[in-house]
Amino acid sequence: MATSEFPAQKDGSKAVLQETTVVVFVLGGPGSGKGTQCPKIVEHFGFRHLCAGDLLQAEIESESENGTLIQNFKKEGKIVPSEITVKLLQQAMQQSDNKRFIVDGFPRNEENRAAFENIVRIKPEFVLFFDCPEEELTKRILNRNQGRVDDNIETIGKRLKVYFESTLPVINYYNSKRKVQKIDAQRSIDEVFEDVKSVFAKLRPVARVGSTK
């Protein structure tokens, strides 16, 4: 089983995360600007940025059994099994001194959402949703030319299909809970961030942690 790759959780660690951790999910289609805006949130508001995609990529580069499995899923444009992603996020949270997190690109489907709440036992403070139409997303992905295995035209179509079929229902779920803060992501980076700042300014003030480790 995939979970056997991860060390057993220490007693009480869930409780520690529950009591001290603030989580904001950052969602939007591929190319919507999540990766651009998250570092700005870190700089201005002192959050730790956890990118599900980066954690998965690091696991691939570790050449572990899980890494090979993740790579195969990415080549097919499929979503990685929830337990793998959630365990990587949970480890990163437990190892961080900063307990205020923006989680970029997660949850990507209802299974992700349920797994996070069941395993980590934290509900998000809110969901930051970068709203952008499919045509603009496709143009941005083609233009960024990062050499990623999932940036060819065929896989882009698969990724967008997965997003609209699997991730939008998650956003709708949180919207029904009045947890979604929607941002118009078609505008310039600075214009988008002005709206982002307004959203985070509403958070209850918490003493800023010196390190974003």
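Each Cβ is built from the backbone N, Cα and C atoms, and glycine gets one as well.
TrEMBL has this to say about the protein:
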- G31, S32, G33, K34, G35, T36, R144, R187: ATP binding site (BINDING)
- K78, I79, V80, G105, F106, P107, R108, R148, R159: ribonucleoside 5'-phosphate binding site (BINDING)
- N112: CMP binding site (BINDING)
Check: Rounded to a whole number, how many Å is the Cα of G33 (ATP binding site) away from the Cα of R108 (ribonucleoside 5'-phosphate binding site)?
Finding: 16
Checklist line | Residues satisfying Cβ distance under 8 Å from N112 (CMP binding site), sequence separation of at least 6 | finding: I79, S82, T85, V86, F106, V170
Note to self: Of K78, V80, R108, which is closest to S32 (ATP binding site) if I measure between C-alpha atoms? They're all binding-site residues.
What the structure shows: R108
Next item on the list: Would you kindly give the Cα-Cα distance separating R108 (ribonucleoside 5'-phosphate binding site) and R187 (ATP binding site), rounded to the nearest Å?
Entry: 24
Item checked: Pairwise Cα distance for R159 (ribonucleoside 5'-phosphate binding site)/T36 (ATP binding site) [Å, integer] -> 19
Check: Which of these binding-site residues has the least crowded Cβ, counting other Cβ atoms within 10 Å: S32, T36?
Finding: T36
